[in-house]
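Going by TrEMBL, these are the annotated features:
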type: BINDING; residues: Asn149, Asp209; note: Mg(2+) binding site
type: TRANSMEM; residues: 6-24; note: transmembrane segment
type: TRANSMEM; residues: 45-64; note: transmembrane segment
type: TRANSMEM; residues: 70-87; note: transmembrane segment
type: TRANSMEM; residues: 99-115; note: transmembrane segment
type: TRANSMEM; residues: 127-145; note: transmembrane segment
type: TRANSMEM; residues: 157-175; note: transmembrane segment
type: TRANSMEM; residues: 181-198; note: transmembrane segment
type: TRANSMEM; residues: 210-228; note: transmembrane segment
type: TRANSMEM; residues: 234-254; note: transmembrane segment
type: TRANSMEM; residues: 286-306; note: transmembrane segment
type: TRANSMEM; residues: 312-333; note: transmembrane segment
Amino acid sequence: MSVYLFSAALISAAVSWLVSELSRRGGVLDFPEARSLHATPTPRSGGLGILAGCGAGALVLLAAPVGAPGMAAALAFAGACGALGFLDDLFALNGRIKFACMCALCLALAGLYPVDRLSVTLEWSIALFPVLAVAGSALFLFTVINAVNFVDGSDGMLAAVLIPAGIGLAVAGLASGSLSTSFLGVLLAGSLLGMLGLNLPPARLFAGDAGSLAAGALYGAGALLMAGKGFAGSLWLAPLFVLPVLVDVLLTLLRRARHGRLSLEAHSEHAFQRLIKTGWSHAQAAMAYGGLSSLCVLAGLVAAQGPDAAPFLAFVLGCAGLTGAYAWAGAYARRRGVDA
């Protein structure tokens, strides 16, 4: 099995790099605007490389002599989200229409593979009504995909947070018996690795909405399959592996709501954006988030080897620690005159 996983990762990375390089030469340009953190027009067609890399790697995994329930649906879901993002890159879709389409896609996958139990341990477990199971699973998908999309605003950030998360899915999927999760994690990490060279600061290529939505969907689908079929604690690994992104987005949402700025409009108030405005480089921001993501993945994988409640405890401690880090970033930005 390791041969198939390694081969899929290599092929995903190679194809992703090749298609990304080709698309960079004729892709749609992202022009700087008021909230942008870049100063020159940059192609934003890297999502084509991510999608192509995932597709090529998936062909390798199809040859594996094992079943992977749910993988085809997850890949179709990611492809549909990527296509939606590509249309947005081309035509700047209305935000409400885009979110409505995303809700429909999330409900479709959640309806097929809902997480029907809320578990801390095998003993502390609550069965969910079917409607709640589907709604909760769809909400998880929608939140993860949009969180990933929102933080893809700095060079190298997407790969910094999702390559560790993909590796975490690959390892946890094998440990929990969810091969589909493991396969999806490998495809995610491999395809992002292929585009990373062109997205490192200063970026020559952006993932665009096609890339960020597809990558978020791949992670969300893989995590959903693991949470629904794995051991009791796997439910908490699903958000833990991308917790820095979730905490940033949700706390920024609360902060904006408190100041009467709750809307679907794009903004530049995430912690990493405020830090960059104070003088941090894109590389420093990406390394900080990548380091936090790696710590969360490592904590989750270690916790998964312990008692059933250990992943839940790791999740709670992670939320507390990252909330403190977010508060520090806000205070740091304010001391340097960055209020937004």
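Cβ coordinates are placed from backbone N, Cα and C, and glycine is handled just like the others.
Note: TrEMBL annotation is automatic and uncurated.
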TODO: Sort out the residues at least 6 away from either end of the transmembrane segment (181-198), same chain, that have Cβ-Cβ distances under 8 Å to it, and list them.
DONE: 5, 8-18, 20-21, 24, 46, 49-54, 57-58, 61, 64, 68, 71, 74-75, 156, 158-159, 162-163, 165-174, 204-205, 207, 211, 215, 218-219, 221-223, 225-226, 230
TODO: Give me the stretch from 45-64, 157-175, 286-306 with the greatest number of Cβ pairs under 8 Å to the transmembrane segment (210-228).
DONE: 45-64
TODO: Might you list, by sequence position, any residue in that chain lying six or more from Asn149 (Mg(2+) binding site) with a Cβ less than 8 Å away from its Cβ?
DONE: Gly85, Asp209, Ser212, Leu213, Gly216
- [ ] Mark yes when the transmembrane segment (99-115) and the transmembrane segment (286-306) have three or more Cβ pairs under 8 Å (sequence separation 6 or more) and no when they do not.
- [x] no
TODO: Determine which recorded stretch among 6-24, 70-87, 99-115, 312-333 has the most C-beta pairs below 8 angstroms with the transmembrane segment (45-64).
DONE: 6-24
TODO: Taking the Cβ of Asp209 (Mg(2+) binding site) as the centre, count every other Cβ atom within 10 Å, in any protein chain shown.
DONE: 24
- [ ] Flag the pair the transmembrane segment (234-254) / the transmembrane segment (6-24) as in contact if three or more Cβ pairs fall under 8 Å (sequence separation 6 or more).
- [x] no
Task: Interface-richest range of 6-24, 99-115, 157-175 toward the transmembrane segment (70-87), CB pairs under 8 Å - done: 99-115
Open item on the list: Same chain only, please: residues at least 6 beyond the ends of the transmembrane segment (157-175) with a C-beta under 8 Å from a C-beta of the stretch. Say none if there are none.
Closed with: 1, 5, 148, 151, 181-190, 192-193, 195-196, 199, 207, 211-212, 215-216, 218-219, 222-223, 226, 230, 234, 237, 241-242, 244-245, 272, 282, 285-287, 289-290, 293-294, 296-297, 300-301, 304
